[in-house]
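Shown next, in structure tokens, is the structure this report addresses.
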Amino acid sequence: MNRDEARKKIIFALDVNGIAEIDRYAGLLSDRVGMFKIGKELFTACGPEAVATVRRHGGQVFLDLKYHDIPNTVAKAMLEAARLGVQLANLHALGGLEMMETAASAVRREFGDDRPRLLAVTILTSSTAETLRRVGIDHPVEEMVVRLACLAREAGMDGVVASPREIGLIRQACGPDFLIVTPGVRPSFASQDDQKRIMSPDDAVREGADYLVIGRPIAKADDPVRAVDMIVDEIVAGCP
């Protein structure tokens, strides 16, 4: 894998406090990472201007709002996300087959081939078997992840968000063309933070991840550009 292929796999999580910081990171990294992730906190604070700021720098956006509501509401929200010009958007697979089908159909109908790719969140990387048990799910994490990934594929979703530990299982169950976006990726120079099911960038790519969501190891670095370059180095070295 060459450096350009490796950098395109990196999604930088914009866990920042406002437009000025978005502008700074987008200016620094738009030609060094594949995409920028905008999540609930940032979008709630800054709204669509967060997306517009990244796009002004030529960056691509993963809008990570994890929609989970009645089918019609989620479909309308997904359409609004698509109208912002994002490349990836997601919802919770636990919302069920009808919710996912309705959203996927609505976006395909309005945008066709120019649509964003739609992802379903399986089980959050902070979750454990005990987390699931306490909400009444008595199946192992890995089993639930694969079950939800297969449901998402059946519903017409383009891929899933899942921990790196389940990449291989999802790839086996859902095939080579199903997108896998994985948080919980930590380069060798970074701490584990609050993620429970983690993996190194090169291991995740070898397992079959299409995109790696990485935030704090880049944002907390004294030199974010150098941090990205080090992550690219790890991917290239581990994925010849």
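Note: Cβ is positioned from N, Cα and C throughout, glycine not excepted.
These come from Swiss-Prot:
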ACT_SITE  Lys66  active site, proton donor
BINDING   Asp15, Lys37, 64-73, Thr125, Arg186, Gln195, 215-216  substrate binding site
I want to verify one value. Collapsing DSSP to three states, which class is Pro71 (substrate binding site)?
helix
DSSP three-state call for Lys66 (active site, proton donor): helix, strand or coil?
strand
For Gly215 (substrate binding site), nearby residues of its own chain (Cβ under 8 Å, 6 or more apart in sequence):
Phe12, Ala13, Leu14, Asp15, Lys37
Please report the DSSP secondary structure of Gly215 (substrate binding site), reduced to three states.
coil
Would you mind checking how many other C-beta atoms are within 10 angstroms of the C-beta on His68 (substrate binding site)?
15
Other C-beta atoms that fall within 10 angstroms of the C-beta of Leu65 (substrate binding site)
17
For Lys66 (active site, proton donor) and Thr125 (substrate binding site), determine the Cα separation and express it in whole Å.
14
Looking only at Asp15, Lys66, Pro71, Thr125, the recorded positions on record, which one has the least crowded Cβ, with the fewest other Cβ atoms within 10 Å?
Asp15
